[in-house]
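One structure is given below, encoded as structure tokens.
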């Protein structure tokens, strides 16, 4: 992949860009195999590659410059702004949206936030595309509600120019820190969730719910989990840290009892909507802390699926799962180092199969799926 920003040194986010893509994949696989060497993996499956360009469905743009000439992209530590509207990681459908948004910022009078002066209102634009329908979710991250009336008044023009904007919201982030979003989300459009679909499974993305940024690889990850679980002939399953339900909804059958747990109420609302649309009768999604839920339950499911944040599932949940001893644990991780640590604590489980998914090309990061069976 060629990137003019990388060549000039103005953006080095893709740290492995100079490394040939096959070498990227082999280096990631070697890193994973080294980490899991103590765990005697029975079967390694081939790496799931990614497209090398236009694979991201989400843009997180810092807004800088002036209200008349806004810049969308990133800020270096010295305050230098870099416009990333032509970043090759984004699909070609993003650039026309960015062009209109620059005009809209001026029309609505949304003054970009100046980090050095601590003045201005508009901090970030967060844009997510549905690969199913080509529609978008747009979030304006504002310092306060001061410009909210102006934003609402100017929205009809924006919706006329960009009818593909399905969900529009304002997030209020008042803190002078490099934090992407605050707690308050104000829905400005009729729709509150972006419709998506992977492998004939309907999924919904609300503004504050987590969703994978590489749809092609995410679809392969979910399909693989579905296929592995189908081979096991299980009747009950927990999906912990379930997000909008992507894993559980793929794995659930009409007769399986599925319980999905996620701390985000917004994500749970999306998961419930998908389950209802699929007609699943034995599925329950709850907005709870995954560790607290699991350690408070007496029943033992056949399989526990975990998809934790980068820190992993942690000692408390590892200890409880070891005592509870479900037949299988399916572990999806975006940080193989924390997963390897958790696997060490799950000493009474052996790794049946492992597969790497290249969710983040041109970086050292990747996703990994591991099936564990009680020894």
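Every residue gets a Cβ built from N, Cα and C, even glycine.
Same-site candidate for [4Fe-4S] cluster binding, as annotated by Swiss-Prot with 3, 11, 14, chosen from 85, 87: 87. Swiss-Prot names 212, 241, 262 as S-adenosyl-L-methionine ligands; from the candidate set 307, 335, 348, the record adds 307 to that same site.
When the Cα atoms are compared, residue 87 ([4Fe-4S] cluster binding site) and residue 334 (active site, nucleophile) turn out to be 23 Å apart. Other residues of the chain with a Cβ within 8 Å of the Cβ centroid of 3, 11, 14, 87, the [4Fe-4S] cluster site, are 5, 6, 12, 13, 17, 84, 88, 89. Annotated S-adenosyl-L-methionine site 212, 241, 262, 307; additional same-chain residues within 8 Å of its Cβ mean position, judged by their own Cβ, are 210, 242, 243, 246, 247, 267, 308, 332. Mapped onto three states, the DSSP output places residue 87 ([4Fe-4S] cluster binding site) in coil.
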